[in-house]
Amino acid sequence: MDALDIEKWRFISQSPGKSVGISSVLLGLILFGRAAFVFPLSFLSNLLQKSPHVKIDMKQQVTIWWSGLMRGAVSIVLAYNQMK
């Protein structure tokens with residue numbers, strides 16, 4: 001939960017360049033981490049399904065990936081607002 005530590009964010013707010021850099025790295029890691037779970041697990045699920053109409057197509061996989069990102073972002077914002 002270091003990302004929610006107020007003291008660390010105060011230190012970063014003193015230099016905007018660091019803040020943008022850290023935010024970019026965090027965003028990239030979140031996007032990559034979510035994709036690293038959704039797409040391989042969907043592929044595995046598709047291998048185990050016998051019926052073609054039950055399989056998860058690429059459009060649905062992207063929807064799952066994106067909805068998970070939004071759900072996580074909303075949770076973090078709500079948790080952060082509770083700490084203020």
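One is the number of the first residue shown, and numbering goes on along the chain from there.
Note that Cβ sites are derived from N, Cα and C of the backbone, with glycine treated the same way.
TrEMBL entries are annotated by machine, without manual review.
Database features, via TrEMBL:
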DOMAIN    19-80  domain 'Cation/H+ exchanger transmembrane'
TRANSMEM  20-43  transmembrane segment
TRANSMEM  63-80  transmembrane segment
Quickly jot the same-chain residues contacting the transmembrane segment (20-43) by Cβ under 8 Å, restricted to those at least six beyond its ends, or write none.
3, 12, 56, 60-61, 64-65, 68-69, 72
Take the domain 'Cation/H+ exchanger transmembrane' (19-80) and count its residues per DSSP category (helix H/G/I, strand E/B, coil), listing them in that order.
53 helix, 0 strand, 9 coil
